[in-house]
Every structure is written in C-alpha cells, then in structure tokens.
C-alpha cells in the first residue's frame, strides 16, 4: 500500500519537490537575474523543532520548508542562499570567497567539448600519437582540480583526465594520455596543461572491450546460466506512507539529497508496542579516494565523490529486472539544472525484500526436536557511478550499510618497458564516512570503545591459573579529543553508542547500538599530506562530535578546491578536543573502506568488491527480538514424542529438488524419522 | 543432469559408501571381535598417486580404497587401523596409548541416562533445589572433559554440563546447574563431581521459551511477512557427475567426512579451454571455542567441535523449503554406528545457486551507454549443531567460505545478586582453521604476506612531496617459522599464494590467490595457557607447512583429552621452523573467527552471526573472467546514438513493481530516454 505523494503536505524530511525547487529558482531569478544553480536542496529542519514535531505532529507547528541554494553568478561569484518557500523570501544571501561549490553534470560535459578544440590540447595529442583529424576520438573525464597550490581556489577549475578511443565503442581507459589540461569554468577555456617530464605516447595495444560485439567475437557469452525467478505473488511486506517506510517493526523516513544520496531519517523500532528511537539520521556523508602515486599531478587525484560530485547528482536511474530483481518499489529524485529547470531521475532509489537464509536454528541431539526460522531483510539501495550503496535492514535489529564498488579503474599511461600493457592503474583507497546521528533509546548518548583483551594476570596465577581469562574492556569517550580513535584488529575493537540512563533489566548494561566494522584501513597518505589536510575525517576510524544543526558534511560544505589549510568540516568542529560529549546528543563519524592494489582481474571493468559494516543492538532488547518471526518448522520434545502431532510445518512448497521432474518432494520436514506435521497457516507458501 | 551413484566405481575422493563401511566393519569384527567403532572413514589417497590419476584417469592405476578406522576394544583399548578394502585385509592395527578418539553420538546420549540415576548427582540436584522425584527434568550436555590434569588421558572421560527443565519443552539453558559430574566411558559411571566453592542454586525465573506455544502466548507470531518465491523453472545451471560438480567454468569434487564435514577436492577453473588448478583440497580442518572465565572448571570449556565431535557426525539432515530454499541438490552421508551398523544422514549437504545482485556495472555519463550484469553464485552448504558452513563460489573466480553461527549459548548459573537473571553466558571465542592445500596454477607455490604501507619518504621530500605515496609491501614467507604470521588491520594485511613460475603476461606478477580475511581475532588465552597448548593452530592467523600426506588436522588426529604437552598437530609439523616452504607444495592454515561477548539479544537462541573471508584470484586471469557473463542490459555509444538499435536487453521479466496491479512495467531498460532495445536471447526470463 502506498499513498500518493502529489498534493499532500510534504513531510519535513522530504526532499524539495519539483514545485518547491521551481519556486525557489523563481524567487532567486527574480531577485538576482540569471545565475547558474549548482544546488537547490532541502535545508534540513532544525533538530529542536523537528523533535517537537515528531513527538506530536498533529498539534505542533510544522517546521518550515526552506531551500538551501548555491549559485554562481556572472564573474564566478558564488553565493550561499536560504529561501523560505512559504514566505516566498530570501532569508540569507551570502557572497563566498575562495569556496567552490559542487561540480554539476553540465560543467563536466562542457570540458570535453572545449578540450577537443583547444590548439594546445591538439598539439599534445599529436605528440602522443593522435593526428589532429582524430580529435573526435579524444575524450576526457573532467574532475575538479582537487587542490593545486599554483592555482588556488578563487577561480573555478577542472582537470581533464585525457583518454582516446580508437573506435567510438572502445573502452577509453585502455588509452590514457599523459598530459592534463586545466579548465577555467568561468572563461570556459583551457588555461594550462600539465605536461610530465617523461612522455608516454598513447598505447597501441588492441582494445579489450566488454560490449556484446566484442564478447561475441571472442567466443561469445556463457550459455549455461538458467534463470532464477524471484517473485512475491502476495505482494511485499513493507508499507509506504509517502517516503515513510514501515517493515517488521521498523519505521523510518527515506530522504535523499544531491550529495549524500540516501538519508535514513528518524529510525525507530516498535518494541512490543513501544516505539523506541535508534538513530535520528543515518547517511554516508563524505568519501575520498586518494591515489598512491607521488608523481605530479597524481597527488590531485583524491576525489571527494560526495562533496565534489554528489551521490545524488550522479545516481543512476535504476531499472526493473536489471539493477533490481524481484518486487521493487522505487522513489524518484528531482534536482535543478544549472540553468534553472528541473532534472528528474526516475527510480533513483529502490526498495525490496530478500530472503536472507537462516535466521536461527536449534536442534536438540536427543530427539531431533528443532526450530528453524528463515530470515528476511529489507534493502534500500541506490547506484551512482562507481558504487552501489545498500542499507540492509534486518529483523534482528541490525542495520547493515553495504557498499559494492564496481566500474572502471582510473588509469594512467605507461611506456611499453614499464610494466603492464601500456596502462597502469594506480593504487588507491576508497574511504567512506558514515554519519550516525545517534538517538539510542533517546537523545542523550555516550560512546564507549570496546576491546576484548586477555586478563593481566599471568598463567598459573590464582586469578588466571589456566591462562584463559579474557574480558571486554570499555573505554568511555567523553571528549571529542578522546573520541578520535582507530580500529584495532587484535582486540576486535568495536564502538558502542550507549544510553546510560536506560539499563537493561537483566544484564544491567546500558541499551546500546554497537558499531562492528572490520574493513577499516588507516589513511595511507601521511600526516601533513594534502589529503590528510583536506580529508580530516579520514585521519581516524571514529570521531564523535556534539550534535549541532548543519554540521553534516565532514570535509566542509564546499569541497572542490579546498586547500585543507585550514581543514574544513570535522577538524573545525572538534577544535582542541576538549568539548564534553558524555551523555548528550552525539554524532559518530565512522571512516571505513578498502585499500585497492589493482590487478588484471579489475580490467576492463571491476567486478563488485563489497565493503560492509553492522550496527547491532546490544542490551537494547530484553531478549532476541526475532523469536516471533514465523518458523519454517518447529517441533518440541513432547511433539516429537507424540509422533509429530502439533508441529508447525511451514515449509516453502515452491522449493524443489534440482534433478527430479520438478514435483515437490518433501522428505518429512526437518526430522529424520519422516514425521509430518500439520501445515502452517501459510499452507504451501512457506517463508 | 545427475548420474547415478550406485553401481559405479567410486571416485578416489568419494567418502566410503555404505557397502565399503560395512565391509571394513566386517573385516575388523572378524579379526578382533566385538569392538566399538568410533571411526570408519576414507583414508585419503596419497597425493602422489592421486595426482597421477587425475592427470590421466583412463590409463593410470586407480588409487586403492582404504578405510581409516578407530575402534575402542574392551578395556578401553584404542586402536588405529587401516583396511585395504579390495584386498579385504587389515594393513595396520596399532594400539594407542593415552589418546582418545572422537566422541560419538551414542556416547553422548548415554551420559545423561547415567547421570539421572547416580546417587551423588541426585544429591547435588537436591542441593540445587531439584527434588529427587524430578530427576527426569534434569538434562546434561555431555562434553568431552577436554583436558583435566587430575584425570589425564588414559581413561576416557566426559564432563556433564548440567541443566534443568521445569517442563519438558522448556529451554534448559536458562536453568544451568552449578556442579559438573565426570563420567567414565569405560565403566559407564560417574567417578567424580566438580563442586564449586560458591554454590548457586537453580534459577527460579520463568522460562523464556521459543517454541510456538510460548510465542502464541506472548502475543503471537508476526503476520505481515509475505512469501518470497525463488524458483528455477528451467532447472539449475550446475551439473553433477557423481560427486563432481561443474558450474560456470568451475570443477571440483565434493567430499565429506566425519570430522571436517564438507571437503572440496581438486578445485579447477576452465580458463577458455585450459583447465587450471587452484586448490587440491579445501576444508575447515579444526576449530576451538575457548571460554574466558578463569574459574574452575570453566577452563575445560574449549570445545574442538571438529576434532572432538565431528562436523560430519553432528551434521543436520537438511530439509527442502526450511533449511534450503529454491532448487536444491542434496548429497547424503553415511557413517558407522558404534556397534557397527550404518547411520545415514539424508541431505547432509545441499547445493544451490543464488542471484547475487550486481556483478559489474559501468555507465558513461556522456550518453548513458551502459552495461549492467547480474551475478550468480553457487553455494555448497551444511549445517551442524551451532554453525552453518557455506562455501560460496563466485563467477569472478572468488571462493568465499562463510560460517554463520547460531544456536544456543552455553550458560552457567549465577546468584540473583550477581547480574542477569540467574544465568550467565560466558565470553568466548569461535576460532576456525581453514586448511588450504594450494595448487595455484600448479603444485609449487610460495606464500607472500602483503601489507599496504605509506612510503618512508616524508611529506615535502622529492619522492613524496604531497605525502600521498603508498605501496604494497610483499614479504616472502620462505620458512615455516617465518610464515607464522598475524593479521594486521592497519596495513590491511592479506596473504598471497603465488606460483612464481607463472607470471602474468601484462602485469608480470605471479599468478596468485589472495586470502582476504578481516575477522581475525587473536587468541585471547595467553601463551602457555591450556588452550594455547592444545590449540596450537590458533596461536597465529596464518601458518604454512610443506605438504605431507596425513597432515590434515591441526590439533592432532585424536583430540579429546590431549594435554597439549606436547602440542599435537601443527606445532609438531612446524618444529623449529627452519623448513623451507619456498616454491614447493604448501598448505596454508588460516585461523579466523569471532570473539563473542554475549548480550540479551543472544537469548534464548542466537540470531545468525556471519563470519566470512575471500580467496580471490589476483594476476591469475588475463583480465576480468566475467566479461562473458550475459548482461541484463548493454548499450554502446553508437547504439545510443542510433536510438537504441541493437542494444542487448535481457531484463528479468518476472520482476515487478511492488505497488501496481502486478503487470510488468518496463520503463525502457536502463536508459532515461526510454529507448527500447531488442530482446535478448532469453526473452522474458532475463537473468
């Protein structure tokens, strides 16, 4: 069941609608003439107002709808603005100095066009081995310049990573060019070209393509894959009310914005009738991809894909049956175009359920009495450029963000004597920052660090005679300085977001959500490096700050061309590290990811590499919250003794043996003696 | 397609058939009278013979079928034996001294029976608050004693962990008793009871049960889960020839034995017509579950579930539609009973395919040309007591062993003033040892340790001006001593099993399989502790040995009651650590797992906790081996320019929108402009 999203009053967490975006654009154009719109997005409601409204939506004033805008006016002047939509007024209009807003699609497309016509670029292409009549075969991936101290940040610049395609359908990443034009966005011209000392002409190797014609030529596709069908003939188990989702006691609002992509708001769990808050807001707030090659200009390659390009702006329009399989619900996204009209991305977010194998099982060896219950999980997902973001929500209270990296690795030229086939993919890291605005059983939380450590007492001592003693050591992170901590694999380190006012009735420990994250490489660029300065969030695995409105993006609000001096975002907010964060409204920032040393298996396209972490309830529930998930089969000792009378048998009747004629073959569910129980309430369709 | 396994000649890796087991038993009984059969299992063929046979099965002599037996004769005498089945002869019969064979089901069941009648046990139950007429409500989980220096290992002993059930269907783990009877298996009587200094009577708290009657009473099951159907109407993509499986270029034999459970033999990959070996044998060879409570007798709680109980012996009979969902193929298992007949576990192993989301995707921002391909994976799985073992095989060459822990935590009594509700679950670790008998592109391999590290050159130096330089440091592990290494999360440490004679044509790096494992806690029991001595494999994350026949089980062949002095298994084989393991036939032993600090969410049954690792090809394939997996959708720039003519569209037509009337709704697969391509060869049923 889904209710229409058209004429209803927007939920305060809803992204701006098409009408709202257009309204904001109109107001700005009227006041300031023709400007470029880099951002027109929801200015998130202030938490104090929003919390009141959430407690009593019927009677509390609804927080106003405010548009957050970033425009570039003629002369390259950048303005931050706020528009009160109901009042129809601009309430803030601030000229920025030395700050560059997020890159937009339109800006990216323009660079290639200009590059192909620029005489100096043409000259460099000729030096590389590409004749001037083939400039239509030259392509560029236009990145923000990152930060280059020779150019600074007053002028908006992009660096063009250059490639060549022998044929229009060839994979360009096998033909990188060794020079790098710098593009001035205001003048719309190439103002410089970085030329390396050692020249490397374009590769002459035949392309390794991945499109069907190439595969057919190389022997064809595999033809032995039989289809798998995933269907939900009775519909899905989740309900949507606008953008609010309800599933298996969970309730949360699905937000979306131009830079973070998916935002999960006000995540709560209905615990036997009591709605218990868990997180006020959960999102991937920034990321950085530093490359490990020290040669100029590769140090500029450390894209902040969220702050510089936008997980929302770059998100794919997902397709039923390709990107998403099963019974799928989609949410669209609307963004402004630079010139002030609307760009809609249909099916930007997909939501679906999946069977997740066994949830729990227990068998008694004495009599084979057994309970086996299958798990279901809910996935909220988007795909943007080179990453597939999934938030998997589990019945046992676990939230599992997962990122699957895929796509094409950035490449650079090599000379034939220098390794690989004229192409080199540089080592790099993918570091993501998960922002957890905590609300564990209430707004005042404290973060602890938990390490499993052996007892200090030596083997043979009275306290530890056999030497096996170990325990969980907990360290309270009570100031922002103390909370800047790193992952330690030897102690299986985890972090607990606790509500010390809510002690578990039996364990007496505080209700908590535990961050279990094992893919936590340290930042390899050194302290004091350009990346370390610009990506302060990546210096540690965990930072914790006291909540303040608008402290959302840990590398700063405007990321392109920041110098890192000072380091914007998290380092500013933490300052000298003395602020108390004990028993208060806290935000935990977790940086995780992978270090990638490329290999041939990553070419021409990288098969998905998953990175995952868990947020798990510990001492939150009175006991396992999934005991009331219907089992596939359950028999008690007394039922086994009574030859199976009364067992619950909800076997999935659609499951089949692989090599029979296809008839359902049930060998007496879950018992070796072949006893059959009565059918569960779901008849043939088990879980 | 599956061929009959009945009258054909067994594959040399096949487990002993029912006939072979009975034949061996008959031979032994004839020679040695009535004995208890703890083991009658395949004595694995010698690798030298087997390798020759695998190269040329048609003309090479087939390795003989030998039964490996372990029996207990009257007087508690333990014999290791080998039976040549074709010759009908015992070729080895060795009396052991101070070694106890694996525990069997029958031995476990007996202990509870004896305990209930023992006067001293009855007395302790009364002290605990259980009247003597209620002894039928007393249960025990009979563990091997582990090692207890007061009793040694000449006499076969078990320790009875005692529990009470107020009602026959109640969960006993909420009612642990505080004393521990010791059972003499030969005399079949209780010879001692360990009684703690501080007594803790049985809990009086009401039970938290998980069977349906209890759940119905507590409010009933969730009723909002709609079914998900997973079907393969055209059958499965894998083929079986006996126990040999073929799927997506993979080929391997699925073995199974009483202690390791699943064994994958002779794993190869057909790389465009060339069959390339990867692993000769892969299995979980041992595990240990040390508990962290130093009080007596809890130090004895460190079960070696494989060597002491057997992942084969304890494996569940899986059921279609409960444990396994979809189109499933099963393999049965046969074991001897103690008295010399046959026990069959039907459906011991299940095999099926799963859709695994997106395999790879690349979109070009310029024109939205795109390729998106979905992944399929194959799972070979078993479930035994408290763990669900899955070997997931992926199309990109990755092998992913995964363990899902579930079941009921071991509990011990607590007094009401001592925490929780009269019950305490002790901290513990689950440590598994994966045995990788390497054959990466051939039998002679070398193991390297790989760490990602920052350059030594400081920020601002010529070599590292911007401070971003980092690289992969590789350390050759050329002796067994050097190879005893530990996980380091800060360097994202991995291990590469390399064939240094097989260099990649482009990267020039050796063909390798990389062990990527991030759940690698260190052993918390200290050096010199009882666990450290008995579970030598757990001292380090990785050990590497030179291959020798019969070096299979890293805590020793007979594990119950080993003292750890000397440490059997791996420590013996490594010795002084000087043996060279460079460019030779090596076995990598990897110890991984979790440290578990229990919480209320683990009661009454623990929801699955997954532990996983990857074995990934690096520099093994010339490039990404999955480019020939049929895509769901593929369009090239020239096809997009020609309005979609020729695109490959194999959208899954069974996928549906969640909230329409159910009709298939295709919005123009994978393109924002709505262009439709021709249907792929699979018509409506895409991948």
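The backbone N, Cα and C atoms fix where each Cβ goes, glycine too.
Listed in TrEMBL:
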- B:11-94: domain 'Copper amine oxidase N2-terminal' (DOMAIN)
- B:101-202: domain 'Copper amine oxidase N3-terminal' (DOMAIN)
- B:228-627: domain 'Copper amine oxidase catalytic' (DOMAIN)
- B:305: active site, proton acceptor (ACT_SITE)
- B:389: active site, schiff-base intermediate with substrate (ACT_SITE)
- B:389: 2',4',5'-topaquinone (MOD_RES)
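For the domain 'Copper amine oxidase N2-terminal' (B:11-94), the model's pLDDT averages out at 97. Residue density at the residue listed as 'active site, schiff-base intermediate with substrate': 22 other Cβ atoms are found within 10 A of its Cβ, drawing on all protein chains shown. DSSP classifies residue B:305 (active site, proton acceptor) as helix under the three-state reduction. The two recorded residues, the residue listed as 'active site, schiff-base intermediate with substrate' and the residue listed as 'active site, proton acceptor', have Cα atoms 13 Å apart. The 10 Å shell around the Cβ of the residue listed as 'active site, proton acceptor' contains 22 further Cβ atoms across the protein chains shown. Helix, strand and coil content of the domain 'Copper amine oxidase N3-terminal' (B:101-202), in residues and according to DSSP, is 32 helix, 27 strand, 43 coil. The DSSP breakdown of the domain 'Copper amine oxidase N2-terminal' (B:11-94) into helical (H, G, I), extended (E, B) and coil residues amounts to 24 helix, 29 strand, 31 coil.
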